[in-house]
């Protein structure tokens, strides 16, 4: 029998040779079976070979299955066991029928990588019920007959493998002769059922990435060669898969937080800052209870909208570390993300200093109160702040787990302080009445409900003071990488934190406004003796105290004057001080942790290349120790300044800029209508998010207008920098989605616009083949289409279909990336066809979208047409005819040295491979190439000889489409002992000549025939470009000798109406003069090999030859077009005489009548017309006007 496919994945050696007999003992399985890596759950396909002519009824077997096992496994009755040779059923089944049944079948074996146990052999595997029953000849109970198998056919899937029974064994399924496994969907095909592991990134945090079968594996013909290593397409443990395994292993033991400890606690601690204890009472005093609640409510509206937007973004896919930077960058792209990420990380680093200085100031006030200053007030702040940040730095470096424990302790202290304040409002305040505290009083509430702004304060200034307290809502999101489930934790924790803290702020505002009067002296002597008549009318007088002296003298107590009102009201004053310490330290600790995490994520993305050193993480939690050190020194520096009144508003604006962009991200993503924008969190609205973004921007200017302007300038500067650097990332941002949507909408809108001559643009289908192989052709066409018209680089792939289609799939991204990297505003369009003509026809008909379709076909001249196969020449000329048929304009460009440098690229690649080889051999490359044939790569003949290598010593580069011609175009020959030959040197220089500034020269336009104006429009467009602007246009036209002046004036008038500048007009009156004999002779010698010479042959022979070789030139044809031939020869003489020194020649392309002029004669005309000249464009429009003098 034929050798079958090896199946190393099963751990069974492949077998070939004669089939063993029925009684032959089965070889034992190897002790250590081969298995795929942990990151694979793959499959293999075994061909079932045709059975031999034996009489035992066996239908053949796979190599992975021993013969004895095959007899038990291969059964044709759908479920019964295969009969043994001795059974009647075996004799009853005809061998021919068995062999016929086996034809065309293949067996799908699935490999479970999750199990460490060796596979069961065929004898060890428990059979299905029908098999067991039949084999043992009797009925067994269901529990026994199903021994080793799941009870239901749909329970075969396990977490480790799609096709594992969960018992640790690998099962091999014959899905065509065994219908048992058809009960479980997905077990009878290599097609994969839907599974989450197929959608993971290469290195996923929640599991391993599995690779589904490719479309080619399902659709292509089955290869006759065995799969390498037993895996489909020879799949092995790739570097990416090894990285997955390593990443999963490294993640063991990582500390992850839930929504309470990770988000809720952090957000509440950051929002409950010192504002709650030392500024809220002052706000109520000025704004009154009513406006104070409005201030809190307005801030809550902004933070709630931002929280909703944050929730929408975080539930639209898996969230990694980086907080606000990650959310914005993955939504709006690297430009906004890079700008915000840097300032947001810096803002958090400086916020550490702000909170620590707030703590130090509180400690300093205690020292002043007890007369215990160390040096002076400012120096004490620096000393206390420095010691504090060192302690906080030690906690953060110790790890997130220790930091989280410290936050829990601080939250406990803070909650005790809030409870202490609440209880204190109910304790009778007999000894505190002189300081303005009277417990809950309706009169005090009524008086304090209305505002009483003083000292130039107003609603907006009070709001500006309060709002920074609400900027802690992203404290949980900032450590998104350390959350167990960010998609659940961030929305739940953030929104709940906003709700709780808002209730506490509002409750505290109402409490202090209901208990304490605005001003109090603190003197018990101001108590009103009952029966005494006073002139005061405020609520304090009604409560027994006359504080009217505060109207003229500065008082120290009351809502307006005392920042320590919370301590006054509380049941135990020192606990409020501890609460202030807790609020400042917890906020400082949260910022100290957030800043390095955000900065690390920013550096990992390599948005700013110089900062990549800070992306390194340490330990199981990937702690950014370098970022901690940087944040420590930034915070320490601002602590030593000890004056944060100037920097504080800028920091608040940095936070608000981040919130504005988060809101805008949701609006932008919703506006783009990307199918990928589908957040699991549904309670958001794109217009509310837009309002939130506008509110954030408004609040920025309310807090401090100059700080808002400075923030916007910094963000804009960073945005421009990142845009200019163009980081090589692709995150599927909403910016890309909206760009697509706008392009789609505008393309559709454009289809309803009728063409107009004033809006004509040359839109070129440029037959470059691989764009890297003809750079000069691409640069020249790009010069007159850049920012004006469309360029599509057509590439016709020929040869074996399967190979060509694979090349197309890889070349599409490769060459489009090369065009972008080389700043070519062009598209790449590959197509598969039998030959160049067919491929060009496909492109002419199909390329483009709506009005964005090519209207001009551009070819490079086929320089080697006389040596090439005439079939290729016929295809080349017919492609030009096809373009005219499709109403395209045609441009044929000729460069004396040629365009095709693919043989130099091939030579470079061979040199590179030679340098990499352990035993380098001398290689000689013999190449024959064409400048026009873009249907296939140049033919190569590679031979190993002892001659010196003809290659340059150049640096090896990966063949990824990134400027692969740049080494050839920019590097000089470094090794003089192996130079390029003279022809290749000239070709190499010519390939880059259109990349240089052309300098002062001329563009000679030979506008011999009116084609609609394309021959004149192209040179005009060239002169508008920077590299060609110093060139002057000279126009040459045909005319009569006796009307030269008249023809010149007529043309000058026409050009002036077209608004086209020119330096000179030349009228050629001797165009129809007979060319020189030498040139005529040269032409005749050139076409001699292509002539039919029918007069020298019998009529039947000549007709047969003409039918077989239609490209040949007949004597009759040559005679009919003799004058046209002479014209081409004469024009070449005039061109060399008048335009031999021009920078560029643009000339009307002669048109050959289809079916009348042979391909060889037409090529000879073009060859004769354009030889021995500077770069020349032979142009023929489609005879529709492209110029107009009407407005």
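Here the Cβ of each residue, glycine as well, is placed from N, Cα and C on the backbone.
Per Swiss-Prot, the feature Na(+) binding site maps to 269, 272, 583, 586, 587. Under a cutoff of 8 A between CB atoms, and with a sequence separation of 6+ in the same chain, the neighbours of residue 586 (Na(+) binding site) are 269, 270, 407, 410, 411, 414.
Residue 355 (K(+) binding site) counts 28 other C-beta atoms within 10 Å of its own C-beta, drawing on all protein chains shown. What Swiss-Prot lists as K(+) binding site is 270, 271, 355, 468, 469, 471, and the listing cites similarity to another entry.
Residues annotated as chloride 2 binding site in Swiss-Prot, with similarity to another entry given as evidence: 344, 472, 473, 655, 659. Of all Cβ atoms in the shown protein chains, 25 besides its own fall within 10 Å of the Cβ of residue 655 (chloride 2 binding site).
Sequence annotations record features per position, and here Swiss-Prot assigns compositional bias 'Low complexity' to 13-25 (among others).
The compositional bias 'Low complexity' annotation in Swiss-Prot covers 59-69 (among others).
As annotated by Swiss-Prot, compositional bias 'Low complexity' applies to 80-99 (among others).
What Swiss-Prot records for 131-141 (among others) is compositional bias 'Low complexity'.
For 935-948 (among others), the entry in Swiss-Prot reads compositional bias 'Low complexity'.
Residues or ranges marked as phosphothreonine by Swiss-Prot: 175 (among others).
Summarising the annotation, Swiss-Prot assigns phosphothreonine to 179 (among others) and lists experimental evidence as the type of evidence.
The phosphothreonine feature in Swiss-Prot is assigned to 184 (among others).
In this structure, residue 189 (phosphothreonine) belongs to neither helix nor strand by DSSP; it is coil. For 189 (among others), the entry in Swiss-Prot reads phosphothreonine, with the evidence type experimental evidence.
Marked as phosphothreonine by Swiss-Prot on the basis of experimental evidence: 202 (among others).
Note: residue 1114 (phosphothreonine) has non-local neighbours 1091, 1092, 1094, 1106, 1158, i.e. same-chain residues 6+ apart with C-beta under 8 A of its own C-beta. Reduced to three states, the DSSP call for residue 1114 (phosphothreonine) is coil. What Swiss-Prot records for 1114 (among others) is phosphothreonine.
Here Swiss-Prot flags 1-258 (among others) as topological domain 'Cytoplasmic', drawing on a curator's inference. Summarising model confidence by region, the topological domain 'Cytoplasmic' (1-258) averages a pLDDT of 46.
Per Swiss-Prot, the feature topological domain 'Cytoplasmic' maps to 309-339 (among others); the stated evidence is a curator's inference. Taking DSSP states H, G and I as helix and E and B as strand, the topological domain 'Cytoplasmic' (309-339) has 22 helix, 0 strand, 9 coil.
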The transmembrane segment (646-664) and the transmembrane segment (289-308) contact flag, 3+ Cβ pairs under 8 angstroms: yes
Those binding-site residues listed as 468, 472, and which of them has the most Cβ atoms within 10 Å of its own Cβ: 472
Number of Cβ atoms other than its own within 10 Å, given for residue 587 (Na(+) binding site): 29
Composition by DSSP (helix, strand, coil) of residues within the topological domain 'Cytoplasmic' (477-491): 12 helix, 1 strand, 2 coil
Integer Å distance between the CA atoms belonging to residue 272 (Na(+) binding site) and residue 468 (K(+) binding site): 11
Inter-residue C-alpha distance, residue 189 (phosphothreonine) and residue 471 (K(+) binding site) (nearest angstrom): 55
C-alpha spacing of residue 272 (Na(+) binding site) relative to residue 471 (K(+) binding site), in angstrom: 10
Interface check, the transmembrane segment (378-401) with the transmembrane segment (572-596), three or more C-beta pairs under 8 A: yes
Nearest of the binding-site residues (271, 472, 473) to residue 583 (Na(+) binding site), judged by Cα-Cα distance: 271
Helix, strand and coil counts within the topological domain 'Cytoplasmic' (665-687) (DSSP): 10 helix, 0 strand, 13 coil
Spatial neighbours of residue 355 (K(+) binding site) among the binding-site residues 272, 344, 472, 473, 655, 659 [C-alpha, 10 Å]: none
Candidates 271, 473, 583: member of the binding-site residues with the richest Cβ shell (10 Å): 583
